[in-house]
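One structure is given below, encoded as structure tokens.
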């Protein structure tokens, strides 16, 4: 039956049904787009968005804002840019303030401050949220000057505006400016919230100012925000960075609620101070551990020279199937490098490959360093050569250091010029490594040229470490008059690194007078450091001045200065074991001596056998002389 012959009520009902179905289909399509975007499937979501656009259906502001927010959360610049283009082509050439604010936020989180500013400048109506959004984008990009210019133009400022500026200055290391803003906005009495303390605590952590940390701690307590776990953990971290572990522990113990971050922060503090016993005890007491907790303790062991413990903990971590991160592998590779264990280094490398992680610059540099220190320079070179992106100076510095360690000064210089040709700008570490390479290879003129070049060509001012390198370079060549001239040229007072370098070269050349002067200055700077006493004693010993050697030892005894115990690592029955040079009473030392004796006896037997065979067959020994 034709539609026209149906009663009007029936025809009307049919049209409404079609429209209703159409609306339901559209709503389902919109919901599908939102579901896909919230699950991170932005490309599929945009595919469905294109279908709706072709049908002439335009999404409402709320839905579009939700899509832009998903792009911001996942920092998907490409997809966010596409939505912005979609707005322009569907009648939103000048988005509403609501949508423009979301676009500014999205571009800011993606680090695209120019696009964010373009949206901001084209807005017909701005609210406080617009200004704060733009301000936050500049702050997160570290663009404090641009943030300050915008802040000064703001017609209205609230707590968020001031908090943003304090945090921005603190994060880039401008602590005085951060404190100035903090004091000013507290003086204005416009109120404060949890985030008001975030910037100033960041300044405490980075500046390691104990007095400031105590003041901020008091203010957080009085304001009633000490129950905030993040703030309390940050103050614990600030105390730990100041080396005040008793204060850090007291605050930690007073915290009613402690999350894994709070526990890990204190473990990190103890590790940084070298108190690995307390760090391990706290780690074992943790009610919950995450990969960061494990990595923190592994890194602590590695940095404290307890490499075997670091590797044992890593092994336990793997058995418990805790997923390591890049920093875990970097710390373990450093531990392998410290004990020159190629076998363990290869195992860690294999774990890294099996984990499917794409190594970052630090891990790749640690691999190069490990293979180099384990004596396998060729593999270190291969690791360097296989890296795709070599635009990070860290890679080149590590490779230069590897060549320097192997006494390949000329090759290190060639590598430096390849680095420059590649377009990588040398930094202060580059020249420290390069000067060391020249020093250990006897390339005096080349080293002096680089010392001049670093300032004139690359605008890298020399610091104490560079001066220590140049003094070592000249001293090894016996050019002591130039050594003294360089010390006089220094823009600051020589520190222990300078006098250690002077003392080291005096020992090589037997320069007693200059060596004595350097040792006295070193002892004055750090009376409890054994290095100066031992080097001075070594100079006297090399010259046969045994009475003076005895006097130095007596002085060490009087001042209770103890020589650090030397340790070597031996692999016995596929296990790494420490061998201590000063103690022969322990079982391991006796085992080691027994093994060495067996090797010596075996060598003697082989020599006797070889000699007897030589006698039988020709009457000549291995040196060609008659028996």
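Note: Cβ is positioned from N, Cα and C throughout, glycine not excepted.
Annotations in TrEMBL come from automatic prediction, not curation.
Keep in mind the model is a prediction, meaning the values are calculated, not measured.
Per TrEMBL, the feature repeat 'PPR' maps to 127-161 (among others). Across the repeat 'PPR' (127-161), DSSP assigns 26 helix, 0 strand, 9 coil.
Summarised by DSSP class, the composition of the repeat 'PPR' (228-258) is 23 helix, 0 strand, 8 coil. Among the features that TrEMBL reports, repeat 'PPR' is placed at 228-258 (among others).
With a cut-off of 8 Å between Cβ atoms, the residues of this chain six or more beyond the repeat 'PPR' (259-289) that come close are 229-230, 232-233, 236-237, 239-241, 243, 245, 248-249, 252, 296-297, 299-301, 303-304, 306, 309, 322. Annotation comment: TrEMBL describes 259-289 (among others) as repeat 'PPR'.
Here TrEMBL flags 290-324 (among others) as repeat 'PPR'. In the repeat 'PPR' (290-324), helix, strand and coil residues by DSSP number 26 helix, 0 strand, 9 coil.
What TrEMBL lists as repeat 'PPR' is 360-390 (among others). Across the repeat 'PPR' (360-390), mean pLDDT in this model comes to 92.
The repeat 'PPR' annotation in TrEMBL covers 392-426 (among others). Secondary structure counts, DSSP: the repeat 'PPR' (392-426) has 26 helix, 0 strand, 9 coil.
Annotation comment: TrEMBL describes 427-461 (among others) as repeat 'PPR'. Secondary structure of the repeat 'PPR' (427-461), assigned with DSSP and counted as helix (H, G, I), strand (E, B) and coil, comes to 26 helix, 0 strand, 9 coil.
DSSP assignment over the repeat 'PPR' (259-289) gives 23 helix, 0 strand, 8 coil. Across the range of the repeat 'PPR' (360-390), the DSSP-based residue counts are 23 helix, 0 strand, 8 coil.
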